[in-house]
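Take a look at the structure below.
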Amino acid sequence: MGKLVALVLLGVGLSLVGEMFLAFRERVNASREVEPVEPENCHLIEELESGSEDIDILPSGLAFISSGLKYPGMPNFAPDEPGKIFLMDLNEQNPRAQALEISGGFDKELFNPHGISIFIDKDNTVYLYVVNHPHMKSTVEIFKFEEQQRSLVYLKTIKHELLKSVNDIVVLGPEQFYATRDHYFTNSLLSFFEMILDLRWTYVLFYSPREVKVVAKGFCSANGITVSADQKYVYVADVAAKNIHIMEKHDNWDLTQLKVIQLGTLVDNLTVDPATGDILAGCHPNPMKLLNYNPEDPPGSEVLRIQNVLSEKPRVSTVYANNGSVLQGTSVASVYHGKILIGTVFHKTLYCEL
């Protein structure tokens, strides 16, 4: 009798899991395909073959690119190679990417870079903050950029018990930043069920040497984060919920949600067009192809522009869309003077002149 009860309970449990998985597939638009939107003047960057998960561009046009991310459940074309930070000068007629040398005693063999953020100090010194996943844990690395030598000098590693499963950061002061946590569980299997169950246990935290605190919570999977040009508002992408949260920043660093913009596609990293204040979002139109990678039927790419962010009816338009024949798994798009760099989690990088 006990075995029969156990079998019945197992059957009920498996049935519930199956129903939840089907609901998850529907929730994330698993079978969605995109109509192509491709600017005419585009080409792939030869030097970037192992992803360009995040991109941040200085006002001078120098673009920093994180490459080589190894992330649970995602493809990787160079699993034995450590990650790198690349630099591109978008002022050049035919910009190329070069890997930046890192000095200062940093363990480059364990470098697994994810989200990045630039901070320019009052004396114009440029610092690069990098989310790193050595041994699949989460730290934030601080580097100083040496422009003449085109290199990075390692300064410091930040660790904290709240800095777990960190995805992205945006730096607003010396060692002062917001960071997103994309999964509550760090175990791959548990984090998978976390998404299926739509638990919404992830959050945004604020870090400073004096204070570390959760400032926004209730996200399914808090992902990309950036700040408005005037630094009054913080934008947070909830990738599995397919939306962007518009948050007001207060003097004590707390955040208050003003609105949520639904996009109907899985939103990864966010950047702001410095010329217009528009949000650019790198998106995943068909995530199941990303999780179950098949080179014969690859995941597509999508970049959206969100205009009039604070208005009652923001305008959403497609900047780029491809079925995976050119670019797979778009994670970010960043613009500079009519030029756009489109990065991916594990694939190539596209440069276009708009």
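The backbone N, Cα and C atoms fix where each Cβ goes, glycine too.
The following features are taken from Swiss-Prot:
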ACT_SITE  His114  active site, proton acceptor
BINDING   Asp54, Ile116, Asp168  Ca(2+) 2 binding site
DISULFID  Cys42-Cys352  disulfide bond
CARBOHYD  Asn29  N-linked glycosylation site
CARBOHYD  Asn269  N-linked glycosylation site
CARBOHYD  Asn323  N-linked glycosylation site
Exercise for the section: Starting from the Cβ centroid of Asp54, Ile116, Asp168, which together make up the recorded Ca(2+) 2 site, report each further residue of the same chain whose Cβ lies within 8 Å of that point, ordered by sequence. Expected result: Glu53, Ile55, Asp56, Ser66, Pro113, His114, Gly115, Ser117, Val130, Val131, Ile169, Gly224, Asn269, Val332
Handout entry: Spatial separation of Ile116 (Ca(2+) 2 binding site) from Asn269 (N-linked glycosylation site) - C-alpha basis, Å
Key = 10
Practice task
Using all protein chains in view, find how many other C-beta atoms are within 10 Å of the C-beta of Ile116 (Ca(2+) 2 binding site).
Solution key: 26
Handout entry: Site of maximum Cβ density within 10 Å, from disulfide-bonded residues Cys42, Cys352
Key = Cys352
Problem - Cα distance (Å, whole number) from Cys352 (disulfide bond) to Ile116 (Ca(2+) 2 binding site) - result: 22
Problem - Residues satisfying Cβ distance under 8 Å from Asn323 (N-linked glycosylation site), sequence separation of at least 6 - result: Glu33, Val34, Pro36, Pro298, Gly300
Fill in the blank from the handout: For Asp54 (Ca(2+) 2 binding site), the spatially nearest of the recorded positions Cys42, His114, Cys352, using Cα atoms, is His114
Problem - Candidate nearest the residue listed as 'active site, proton acceptor' in space, where candidates are the recorded positions Cys42, Asp168, Cys352 and distance is Cα-Cα - result: Asp168
Practice task
Using DSSP with the three-state reduction, classify Asn269 (N-linked glycosylation site) as helix, strand or coil.
Solution key: strand
Practice task
Round to a whole number and give the Cα-to-Cα distance in Å for the pair Cys352 (disulfide bond) and Asp168 (Ca(2+) 2 binding site).
Solution key: 24
Problem - Distance [Cα-Cα, Å, rounded] between Cys42 (disulfide bond) and Asp168 (Ca(2+) 2 binding site) - result: 27
Completion exercise
Ordered by sequence, the long-range same-chain Cβ contacts of Asp168 (Ca(2+) 2 binding site) under 8 Å (at least 6 apart) are Asp54, His114, Gly115, Ser117, Val131, Ala179, Thr180, Asn223, Gly224, Ile225, Asn269
Completion exercise
One finds that other Cβ atoms within 10 Å of the Cβ of His114 (active site, proton acceptor) number exactly 25
